[in-house]
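Here's the structure we're looking at; comments come further down.
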Amino acid sequence: MRSLPEPIMEETYSKPPGIRVMERAKKSNLSFKTYQGIVLIVTFLAYTSYHATRKTTSIVKSALDPQSPDVGLKFPWQRRNTTYEQNQGSKLSWMLKDGWVPFNGPDGTAMLGELDVSFLFVYAMGMYFSGHVGDRMDLRIFLTIGMVGTGVFTALFGVGYWANVHIFYYYLIVQMMAGLFQSTGWPSVVAVVGNWFGKKKRGLIMGIWNAHTSIGNITGSLVASLLLKYGWGWSMVVPGTLIAVVGVVVFLFLPVNPESVGANKDEDEVFSPRKEGDEVTEPFLRSDREEESAVGFIEAWKIPGVAPFAFCLFFAKLVAYTFLYWLPFYISHTAIEGRYLSNEEAGNLSTLFDVGGVVGGILAGYISDRLDARAITAASFMYCAIPVLYFYRSYGHVSMTINIILMLITGVFVNGPYALITTAVSADLGTHSSLKGNSRALATVTAIIDGTGSIGAAIGPLLTGYISTRSWSGVFTMLMGSAFIAGLFLTRLVVAEVGEKIQQLGPQGSSPRSRSPDLLV
């Protein structure tokens, strides 16, 4: 493999400090594939840390609000033995201690829901802004600021434990600021990965790469659950410190695009020659960036396919984030085989949902690549999630084994389409043929799709905070309805993809891989 010319590179290109050190130690410039490896590893670690800090709030909920276990649980088998229920309730109250003012009052659950919605609403609004800024500035600096800021405000939430803060608005403001800095993450990492990788096997590659979401949730759950026994403040401060450290790593090592480090695109074997019918096979971003102007917000909304996938993600993320924020709480307040789990046990068990999510993201990406049908894949997963959600609510309490199996399957079908839309679909639309080669739309399109989804992500946990005080069955009904609506938003695209597949089966049909670039309409 050809090496890059050595002498003048360091003066001509603004390479990250860590890359300069690596090249001095190696006494030669890094190859294109080495840069690609660095990009995948650094962005993977970056967004893993984002989700690890985002997950911590759901773990500390039961410590902040040790709600009575029978609130909202209306099934007959949970009321048939009053003495048993009272004994179990006493054990749970002792196990969860007395909670934390003001969250341990009668409105504690609703207040926790308000924290979630404040975080996610600011996150969603910030996402639109972040995508706009991300297409116009150095993403390495932008991402570093976002990660350090996220770490500071996540830690400040935990500081309330030692500072003995019992003012609701302190936690509300801290969560809102954390949400603002969190919004810098997703548009930035998708745009950076998009700068280095082409379309070939995009669904599978980004499905595997997108495992950072579930791995971050798992890591955050395990770390926060482990530290919870030492005081809930540690469950916030430690993850906050870790994301700030990873932010420094991003600043030192992340190459934003090939042009910034003088890398040679010809060395990338992933980039295959453009074939007739292919939409984009070259790298997402071209080297002649000075000739391109960033795509505007309204113009990006007009790209065919952006609106239906954005609204689909609104409901898909509503379901996914309700699980993200409320699953540990739900588990700790639901008797499984007649026993209530501790905060730590519930947090650890909830990680299985994210294990299923890893499988679902990879599976959805692989299937969509094989079928060359993003909409069919996403809609099918959403429709399959409906019966799975029903079975988890109805039979998850029967035994630990059944709970684990159903939780894994639920993770597959809930997180699969969410992962597909936020990665491969966003990348497809960000390089749509209607842009006529202008590649400076990727961060904006990603922000529009994920930002719209994040509004749903804010509404789901908020509604759950109120509905769960009356009935958890009502919560699951809301989730099943949302999954159904998410699938409906893709109906037009599904019909178009099915029509194309039927044409391909005919004698005059085109090759399965020669997908029309305007199919996502």
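Cβ from N, Cα, C; glycine included.
TrEMBL labels come from automatic prediction, so no person has curated them.
Here is what TrEMBL records for this protein:
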type     : residues : note
TRANSMEM : 30-50    : transmembrane segment
DOMAIN   : 42-499   : domain 'Major facilitator superfamily (MFS) profile'
TRANSMEM : 110-129  : transmembrane segment
TRANSMEM : 141-163  : transmembrane segment
TRANSMEM : 169-197  : transmembrane segment
TRANSMEM : 209-228  : transmembrane segment
TRANSMEM : 234-256  : transmembrane segment
TRANSMEM : 306-327  : transmembrane segment
TRANSMEM : 347-368  : transmembrane segment
TRANSMEM : 375-392  : transmembrane segment
TRANSMEM : 404-429  : transmembrane segment
TRANSMEM : 441-463  : transmembrane segment
TRANSMEM : 475-495  : transmembrane segment
Recorded stretch that, among 141-163, 347-368, 441-463, 475-495, has the most CB pairs under 8 Å to the transmembrane segment (306-327): 441-463
Contact set, same chain, for the transmembrane segment (141-163): CB under 8 Å, 6 or more residues outside the stretch: 46, 49-50, 53, 56-57, 100, 130, 133-134, 170-171, 174-175, 177-178, 180-185, 188-189, 192, 231-237, 239-248, 250-251, 254
Long-range Cβ neighbours of the transmembrane segment (441-463) (under 8 Å; 6 or more residues past either end): 113-114, 116-117, 119-121, 123-125, 127-128, 130-132, 134-135, 139, 183, 186-188, 190-191, 194, 284-285, 294-297, 300-301, 303, 306, 309-311, 313-322, 325-326, 418, 421-422, 425-427, 429-431, 435, 475, 478-479, 482
Long-range environment of the transmembrane segment (234-256) - Cβ separation under 8 angstroms, sequence gap at least 6: 15-19, 35, 38-39, 42-43, 45-46, 49-50, 52-53, 56-57, 59-60, 138-141, 143-144, 146-148, 150-159, 161, 192, 195, 220, 223-225, 227-228, 263
Chain residues in Cβ proximity to the transmembrane segment (347-368) (below 8 Å; excluding those fewer than six residues from its ends, i.e. six or more beyond): 58-59, 202-208, 210-211, 213-215, 217-218, 221-222, 224-225, 228, 323, 327-328, 331, 341, 374, 376-378, 381, 403-404, 407-420, 423-424
Mean of pLDDT values spanning the domain 'Major facilitator superfamily (MFS) profile' (42-499): 81
